[in-house]
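Some features that TrEMBL has for this protein:
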REGION    1-24  region 'Disordered'
DOMAIN    40-217  domain 'GTP cyclohydrolase I'
BINDING   C111, H114, C182  Zn(2+) binding site
Amino acid sequence: MDRRDWNEEDPEEEHLAGSLDTPLRPDAFDLTDEQKIEGIAHHFREIMQILGLDLEDDSLKGTPKRVAKMYVKEIFDGLNPENRPTARLFENKYGYRQMLVERDITLYSSCEHHFVPIIGKAHVAYIPSEHVIGLSKLNRIVQYFGRRPQVQERLTRQIAQELRDVLKSKNVAVLIEADHLCVMSRGVNDVSSSTITSEYSGLFEQDTYRLEFLQAIRHNK
Ligand SMILES: Nc1nc2c(ncn2[C@@H]2O[C@H](COP(=O)(O)OP(=O)(O)OP(=O)(O)O)[C@@H](O)[C@H]2O)c(=O)[nH]1
Ligand SMILES: [Zn+2]
């Protein structure tokens, strides 16, 4: 049996293991956005027709195109690497060496199993060394990876990995608390449960840093 099933002796190796990539087809970028919108609108029209909806109806006739645009340009535009946020780094002239926590970042994503919303909050933290990052870029990174069909586990890890890459530091923490509409509004119809996922690396593997982070995100404004 794999040692790591029982004993996380090498946490660094552990957090780097596994595939973080959103599964994409090799031809994922062959079509332009306009071609994607046209294709999705065509197929969505068929879905609506099969459901028995009257596409001549004033209110419904624009829906296939509306949904297609929403997929390509809004809720799934994080599939397009061109939309990856550029992370503005500033020299850490202030010599700030403590934890920086950006908490309560609004998170919208979509469940890749049911294509319905995941709504929640992301909390991220890092410990600066040579550089600090523009605050809004933390929100933008969360937003970018949220705008894909996702499972919360992968979303959490993609955000953490991006922060490590951008900041060139392992000292990163990410915690997401979210409601899954696929759990709330259908299936088990549970409106009270929510899902918490996290990733800690570098100094955040240590209890003191992790607890400081957890305390910071629980504290009321
Ligand atoms: N691990 C994980 N599971 C998720 C996430 N979002 C949705 N799911 C689950 O994905 C599972 C899909 O299971 P299936 O049995 O194939 O789908 P289903 O028949 O619609 O399942 P029910 O939701 O139980 O009705 C469900 O249990 C969902 O709750 C997520 O972010 N992470
Ligand atoms: Zn789902």
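Every residue, even glycine, has its Cβ placed from backbone N, Cα and C.
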**OP:** Can you check which residues sit near C111 (Zn(2+) binding site), meaning Cβ under 8 Å from its Cβ, same chain, 6 or more apart in sequence, and list them in order?
**Re:** P117, I118, P149, Q150, V151, H180, L181, C182
Subject >> Same-chain residues at least 6 apart in sequence whose Cβ lies under 8 Å from H114 (Zn(2+) binding site) >> reply: L181, C182, R186
Original post:
Once the chains shown are all counted, how many other Cβ atoms turn up within 10 Å of the Cβ of C182 (Zn(2+) binding site)?
Top reply: 18
**OP:** Could you tell me which three-state DSSP class H114 (Zn(2+) binding site) falls into?
**Re:** coil
Subject >> Predicted model, mean pLDDT over the domain 'GTP cyclohydrolase I' (40-217) >> reply: 97
